[in-house]
Each structure stands twice: as structure tokens, then as C-alpha cells.
Amino acid sequence: MAEPVQSNLPSAYDPKRAEEKWYDYWIEGRFFEAGQDPEKEPYTIVIPPPNVTGTLHIGHALNNTLQDILIRWKRMQGYDALWLPGMDHAGIATQTRVEAKLREQGLSRHDLGREKFLEEVWKWKAKYAANISQQWRKMGLSLDYSRERFTFDEGLSNAVNEVFVRLYEKGLIYRGKYIINWDPQARTALSDIEVIYKEVKGALYHMDYPLKDGSGKICVATTRPETILGDTAVAVHPDDERYQDLIGKTVVLPLIGREIPIIADEYVDPEFGSGAVKITPAHDPNDFEIGIRHDLPQIIVMDESGMMNEQAGKYQGMDRFECRKQIVKDLQEAGVLTEVEEHTHSVGHSERSGAVVEPYLSTQWFVSMKPLAEKAIQAQKSGEGVRFVPDRFEKIYLHWIENVRDWCISRQLWWGHRIPAWYCDECGEMMVARETPDQCSNCHSSQLRQDEDVLDTWFSSALWPFSTLGWPEETDDLKRYYPTDLLLTAYDIIYFWVARMIFSGLEFTDQKPFKDVLITGLVRDAEGRKMSKSLGNGVDPMEVIEKYGADAMRFMLSTGCTPGNDQRFRWERVESARHFANKIWNASRFALMHLDGVTAEELELSGTLSTADRWILHRLNETIADVTRLLERYDFAETGRVLYNFIWDELCDWYIEFAKLPLYGEDEEAKRVTRAVLAHVLDQSLRLLHPMMPFITEEIWQHLPTAGKSITIASWPSPSDAYHAPESVREMEVLIEAIRAVRNIRAEMEVAPKHEIELLIRPDADTTAAIKNNEPAIRRLCGVSNLTIDPNLERPEKSMTAVVTGAELFLPLAGLVDIEQTVARLNAELKKLNAEVERVEKKLSNQGFVAKAPAHIVEAERKKGEEYKEKREKVLARLAEIRA
RNA sequence: GGGCAGUUAGCUCAGGGGGAGAGCGCUUCCUUGACACGGAAGAGGUCGGAGGUUCGAUUCCUCUACUGCCCA
């Protein structure tokens with residue numbers, strides 16, 4: 001694939017070319033397909049399946065990038081890395097969108113009928129699935145497409161049925177008439193967590209209900225006066241002294257005249273309102289409970305769309321909120337409404353449609369959660385649970401699972417897994433079965449009807465880590481890759497998904513579905529607001545890739561946050577990531593220019609290494625160790641920072657600048673060694689960076705003489721003892737400090753960059769060799785023509801002076817010497833040194849410090865103190881000389 | 001009401017018991033044979049406040065203020 005171009009590589013990196021080319025190459029090479037080597041240890045991640053009719057947003061991009069980084073890294077480390085892709089049929093979300101499209105054509109799903117409607121949905125699914133696949137490609141994800149799954153495909157549907165039947169047979173799934181959360185817009189039941197509570201300004205209406213015997217009245221307060229139509233009692237606290245005489249009496253409901261009893265129940269809070277509450281068992285969960293205790297009638301006054309029904313008398317056909325207004329008006333006219341108080345209370349809204357949720361009495365299917373939760377709690381508390389990263393999310397999970405209520409799993413939708421229950425038209429028998437039964441188990445009639453409802457989408461998502469691997473079949477994949485190693489998701493679906501996968505995994509596979517859960521935050525807009533369709537502040541990852549390239553986006557997202565915390569999306573940061581890509585590109589361009597025509601054999605690392613060579617190899621060792629350690633901790637931001645600093649500040653700013661001397665020089669052996677070091681460091685750096693920036697690293701790596709088939713399967717670097725050279729760090733520090741000091745003087749004295757100057761260096765004994773060995777580099781990087789290095793040299797008259805660690809520098813700038821400037825700089829240096837010396841001496845004279853601080857810290861302070869003092873002596877001596 | 005985060009340079013954020021960091025922005029200079037998506041040299045912060053632990057706190061603990069999120 002590599003093209004034999006080096007010298008004519010363009011000077012700016014063009015992401016589009018590389019991205020198209022290499023993704024195809026990777027897929028054709030099947031580098032992402034797991035299971036090719038049974039000797040390797042497996043490492044598995046299943047992707048959180050995106051909603052099939054959506055578009056991937058920037059949150060997906062973050063989530064997917066992080067998984068890809070880990071998978072690519074593990075693959076390079078020699079694991080049999082499996083990243084399993086797939087999508088979710090997303091019941092409500094998808095159905096709503098298809099219905100919206102039909103509405104535009106003036107149609108409803110009922111006009112089409114169930115079968116035709118589902119055909120429409122499948123068409124949508126096909127279109128959007130293709131789109132999502134395309135987005136995965138663009139992001140460069142190393143997914144194993146040969147194992148791609150869909151929550152609605154045959155295997156996963158079998159898993160759903162299996163789970164349903166097993167739970168039913170265990171008595172953990174039941175059907176019954178209870179108060180559930182009803183979405184009148186989507187016309188379906190919802191689970192508890194699909195309801196979002198918001199503070200809403202409303203009113204508390206106080207009403208007088210007259211006693212039937214005419215002996216008085218009782219005042220009740222409510223935020224929902226329209227529910228008066230469904231009242232079947234008034235309740236007071238049994239110990240409430242105010243109402244002792246009234247318990248057992250009968251009141252007459254205003255407006256409708258129904259007679260209802262006054263009952264006593266512990267649930268009533270005597271402190272709230274008047275201490276008497278109206279009871280509407282069919283429209284309030286607490287009232288429902290009271291109704292059961294007191295055997296009250298349950299009167300449903302609304303239909304499925306939130307319109308008042310035939311039980312509402314003259315209000316029939318009105319919308320529930322319109323009805324509220326009318327009822328208030330009528331109550332007022334009847335003189336029953338005694339007070340209207342401003343009142344802020346919490347109102348449930350549908351997570352999907354946004355409609356105000358109606359507590360609604362309805363027959364639904366439920367999962368009995370207690371036993372499943374118990375198992376999960378037990379596992380977590382015994383230390384056998386999943387590891388949450390960051391660990392604070394474990395508490396959030398535990399709190400939820402410990403307080404979980406039964407899960408309403410039936411939905412009145414068409415797009416979803418049909419509930420595997422059948423009813424006999426003849427005898428009314430209900431059958432739950434894996435396969436469609438052909439006759440009634442009771443009366444053998446063949447007149448069977450399947451339950452119309454479908455299951456909550458999350459019911460199938462809960463099985464994702466094992467259903468995708470073939471469960472309930474004992475497949476090879478299931479045996480090899482399950483339990484998975486990691487689940488990576490944002491904190492907003494811990495309850496919806498993570499928790500449910502955990503208890504499902506434990507129940508059906510007797511294993512936790514994943515070892516670690518890595519929780520990320522959300523990607524917000526530049527102002528810190530949550531991205532949303534209504535605000536229109538979402539960022540399309542494809543737009544980011546189009547403008548800056550996939551690698552820039554990946555680097556920006558993965559380094560932009562710490563685990564579990566939100567990050568803001570800022571274009572400047574993407575731009576900065578692109579600059580980084582471009583920097584790597586150009587450093588590589590430089591290297592490749594000097595490797596043109598060089599064979600892999602010639603790049604054997606041997607021979608005499610320069611200071612810079614030893615230093616960069618030593619630093620590479622440390623960087624390899626750091627990056628590996630940081631990835632193990634899922635610390636992507638630090639990983640990125642370490643690589644950025646190593647490549648930009650050390651490799652580009654210093655090593656390459658030093659390397660230019662031998663590379664442009666005459667010494668062939670030095671040239672050969674430098675090329676070898678440069679090629680090695682570049683190769684290793686590209687490998688380290690590859691998980692984060694896959695495209696550019698492959699593009700460059702393929703140009704190296706030492707390249708293999710693909711960097712995606714190149715081995716992960718490990719530190720080499722041969723390059724351990726801590727002394728080189730000290731040497732480079734001295735050189736860098738000296739070069740900077742000269743540049744500083746040049747800048748302050750406004751010496752033109754092209755103007756070559758004279759420089760005299762008086763090194764200390766222990767730095768003389770390092771400085772002497774790097775004479776050409778000092779010349780080049782300081783713009784020096786005439787350089788003298790001598791431990792015994794005399795300070796020339798009329799020269800600028802600087803003191804650095806390990807050496808003194810003199811610049812006899814003819815005609816430019818500014819004594820005042822030199823004195824000012826030396827004084828500034830002196831001030832700093834005085835402060836440092838004082839700080840160190842204060843520390844060392846503190847007996848507590850010397851006695852209690854770790855020995856190496858004390859020793860380090862002593863050493864620092866000595867250095868500062870030595871340096872200060874020199875500064876003082878130079879100042880004295882100048883004054884003399 | 002309960003819980004959890006955050007508060008560090010102009011902005012956005014890292015960091016972490018022992019000399020305050022990055023990116024962007026800002027100032028000055030430079031189109032030098034990898035790169036102006038660049039190079040060189042700089043300016044800029046008493047790490048929200050108050051106590052405590054410690055030889056030593058920006059970092060650990062407690063309280064407190066403000067911001068955000070989750071749960072009821």
C-alpha cells in the first residue's frame with residue numbers, strides 16, 4: 001500500500017485521503033476479525049448498540065473512540081481482541097419517528113395495519129443501519145463486522161423469548177392490573193425510570209365536599225381537580241382528632257353527586273393541607289394502594305390518549321387539561337372551591353414524548369424484581385461484582401438496585417418483541433411459550449390469539465452481552481468471549497441498561513456480564529449546556545471529521561475529559577488536535593526524507609550514541625511505560641498529554657533539532673546511527689499513538705522502511721533495558737538550559753536571528769564533557785560562529801553574562817553589550833536564587849522535617865540547596881566583576 | 001430533604017502531601033533547507049472561604065459558600 005514518496009509528501013496532512021484508503025485496507029485484511037489465533041487470550045467489548053433509526057451524535061463518538069482505543073491497544077498487545085458491533089431496534093423511538101413520517105402523508109399506523117406498518121419500519125431500519133455503519137467507518141472503529149448483531153434479529157429474539165419464559169416459569173413475570181405510568185401521547189405504558197420528574201408551578205385547590213346528612217362538610221386539597229370525577233373516598237388519618245366524628249360518614253361529590261365514604265388510613269399526612277385527602281384509586285399510585293386496603297371501586301375517567309371518557313359525564317371528550325379548567329370553573333360556580341393556592345410540585349413527563357405522564361390503571365406485564373435484585377446485591381457486596389470506574393458510580397448503582405420496584409415491561413407498541421403469551425378464545429386460558437402453540441393447553445381449541453403488546457426495548461438490551469454471543473446456545477463464541485472484559489457507557493444509562501445487564505447476566509449465565517464498567521460523562525456544548533435537538537446545539541461528528549479529520553476528533557474527545565466527568569465541545573480544541581496531527585506529519589516528513597532509500601537492515605540500532613540519542617531513547621522508554629500504565633487505568637487524557645509532550649516538546653523541538661547536525665553532516669557513521677535512532681523512535685511513537693489516532697499513524701508507518709503489514713497488528717512497544725540512560729537526562733537539561741539562556745539574551749538584546757555571535761562557556765567539571773561533545777549543536781541552536789568551551793577561561797571584558805546550572809556563559813556582543821541589562825538579569829536571577837536558598841534552608845533547619853520526612857526527600861532538598869548556593873556564588877561573583 | 005461531583009492563569013480544563021501545569025488567547029521577534037496547522041523569547045495564578053491533621057497542605061479531613069447532576 002505504501003507509496004514510494006518521501007520528499008514530495010505534501011506539507012500539510014490531508015486526513016481525507018488517508019482515512020478512505022486505510023479503512024478499506026483494514027477491512028480487506030480482516031485485521032479486526034477476532035478468533036484467528038486460538039492461542040491468544042481473548043479480550044472482549046460489546047458496543048453499546050445505538051438506536052437504529054437515529055444518527056450517531058458526538059456522545060457516541062466519544063464512547064466509541066474510547067472503546068476503539070482500548071481494543072486497538074489490546075490487539076497490539078497480542079490479545080484476541082473482539083469488539084462486537086450491533087444496533088438496537090429502539091421500540092418507542094423508532095416507532096415514533098416512522099409514525100411521524102406517516103403523519104406527513106396523512107396516515108396513521110392503524111391505516112396501514114400492524115403488518116404493513118412493520119414493513120415500513122424495517123425499511124427505515126435498513127436505511128439508518130447503513131448510515132450508522134458508514135459513520136462507524138468514518139470514525140475508524142476496529143469493529144468485527146462478521147459478528148454484527150441487531151436486537152431484533154432471530155438469535156436475539158430467541159434469547160428474549162427464552163428469558164421471558166424462564167422468568168415466567170420461575171414466577172418472576174406476572175400480568176396484572178396496576179397503576180402504571182401512561183404516556184398519553186405515545187399511548188403506551190412506561191417503566192418508572194422512563195419518567196422524568198420536573199418541578200412545575202401549579203396550584204393547590206381546596207374544595208369543600210358536603211356531608212350527605214347535611215351536618216357539615218369536609219375540605220380536601222388537590223393539585224388535580226379533574227380527578228374528582230374518579231374519587232371513590234375521602235381519607236383522613238385515624239388519629240386525627242379533627243375528623244374522629246366524620247370517619248364512616250358519607251360525602252356527596254360536588255358536580256357529579258356520587259356518594260362516597262370517609263375512611264381512615266395511616267397513609268394520610270395530617271400536616272399536609274387540611275389533613276383530608278380525596279382518593280382516586282384509578283389515577284394515583286398511593287390512592288390505588290389505599291383503594292385496595294379499603295376495597296374501594298376503581299373508576300377510570302380517561303381514555304388512552306388522555307381524553308375524558310364516558311365515566312366523566314358531561315366532561316366526556318375533553319382533554320384532561322381542558323377538563324381541569326372547566327372543572328375549576330364549575331366548582332367555583334358551585335361555591336365549592338374555597339381557596340386556590342400557588343403550589344410548585346413535581347410532575348412526571350415521558351422521557352420519550354415529553355408528555356405529562358398519567359398514572360393509569362391498566363393491565364400490564366411486570367418483572368418481579370426483588371429476587372433478581374437480591375442476587376445482584378449479593379454479588380456486588382461479596383466482591384464478586386463488576387468494577388465500576390470511577391468507583392463512585394458503584395454506590396449509585398447499588399442504591400438503585402436496593403430500592404428497585406417491579407419493572408413494567410409491556411408496551412402498547414407494534415415495533416418490538418411480541419410478548420410470548422397466547423390467550424384461548426374458547427376458554428380464556430393463557431399460555432406462555434417459547435414457540436407459537438397450535439392449540440390451547442386446556443381445551444385444545446386452536447382459536448389462539450397472541451398478546452398484542454411488545455416488550456420494553458431495554459428488556460432485550462439487558463441481554464446484549466450474552467445474547468450477541470449466541471446465548472441461549474452454548475456457542476464457541478459464548479464460551480470464549482463471555483464474560484466480556486469491559487462495558488463503556490455514559491452515566492445517564494446506568495439504571496436503564498448497566499444495572500439490568502448485571503442482574504440479567506447473573507440470573508441467566510451465573511456470571512457477571514463484564515468485569516469492568518467504565519463510566520464517562522456527557523459531551524456538552526461550549527457553554528456547558530446539554531446538547532439537545534430542541535436547542536439545536538448538537539455537534540455532528542461527521543461534520544467534525546469532514547472539517548478536521550477523524551484522528552483530530554478522536555484525540556480531542558479522548559483527551560478532553562477525566563473519567564465520569566462531562567466535557568465541553570470546543571472547536572478550538574479540535575483545531576489544536578489537528579495541529580498536533582500536522583506536527584506529527586511534518587516531523588515524519590522530515591524523518592522520511594532522511595530515510596529515503598534506506599533499507600530496514602541499515603536501520604539496525606548499533607554504534608556510538610550521542611547525548612541526544614541516548615536521551616530520546618531513554619525518554620521513549622519512560623513514555624512507553626507511562627502510556628501503558630495510563631491506559632491500564634483508562635486514563636485517556638493523561639495518555640494523550642504524555643504523548644503530545646513527548647512527540648512535540650521532546651522529539652520535535654529538541655531531538656530532531658539535534659539530529660539535523662549529523663543528518664546534514666559528513667560523518668557517514670553518525671548519519672547512519674542518527675537515522676536508526678530517528679526511525680526507531682518514530683516507529684515506536686506511532687505505535688503508541690495508533691490507538692488514539694489510527695489513520696495518520698498507519699499512513700506514516702507504512703512509509704517506514706521497517707513497516708509490516710499493518711500498524712493495527714504491530715506489536716505494542718515495551719521499554720528496553722539497553723536504552724536505559726538516566727545520565728543523559730541531566731546532560732540534556734544542561735544543554736537545553738544553556739541554549740535557552742543564550743537565546744534569551746539574544747532576544748532581549750534584539751540580536752537579529754541571522755547575526756552569528758561569539759559565545760564563551762565556562763563549564764563545571766562534571767558538565768564539561770557533555771558540553772564539549774555537543775559543540776556543533778550549541779553552535780547551530782544558538783546561532784554562534786565562534787565558540788570557546790574552557791573550564792578555566794577568564795571572563796572577557798565587556799560581555800553579557802548568564803549563569804546556568806553547570807556552566808557560565810559569556811557573550812561578548814561587540815557594540816551591543818548592555819551592562820545595565822546584564823546586571824538586571826543577574827539581579828533577577830539572584831533574587832530567585834535567594835528565595836530558593838532561603839526556602840531550602842528553612843526546611844533543612846526544621847528539625848521536624850529532617851527527622852520525619854523520608855530520607856530521599858531530605859537528601860534531594862540538600863542537593864538542591866547546594867546547587868542553588870553554588871549558582872548564587874557564581875552570580876555574585878559576576879556581579880562583583882562587573883562593578884569592579 | 002438525601003447523595004455525588006465541581007470551584008486552579010483572561011477562557012476551557014489537567015494535576016496532585018515536599019519548587020503551580022497544558023491547550024487556546026495575549027506581547028515581542030522570525031517565512032532558517034519537517035512544519036506559519038510553524039519556530040524563538042516572554043507576560044499571566046496568594047489553586048472558592050474558614051478551621052484542623054502533618055515536619056510540610058493547592059493536594060488529606062471537617063465546616064462553609066456558590067454551581068451542576070442524581071435520587072426521594
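Glycine is treated like the rest: Cβ placed from N, Cα and C.
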Coiled coil per TrEMBL - which of A:592-623, A:752-783, A:816-847 = A:816-847
Ranges in play A:50-60, A:94-104, A:468-478, with TrEMBL marking motif ''HIGH' region' at A:50-60
According to DSSP, how is the domain 'Methionyl/Valyl/Leucyl/Isoleucyl-tRNA synthetase anticodon-binding' (A:613-760) divided among helix, strand and coil residues?
-> 108 helix, 4 strand, 36 coil
Hey, what's the Cβ neighbour count for A:Lys533 (ATP binding site) at 10 Å?
-> 8
What is the average pLDDT across the domain 'Aminoacyl-tRNA synthetase class Ia' (A:21-568)?
-> 91
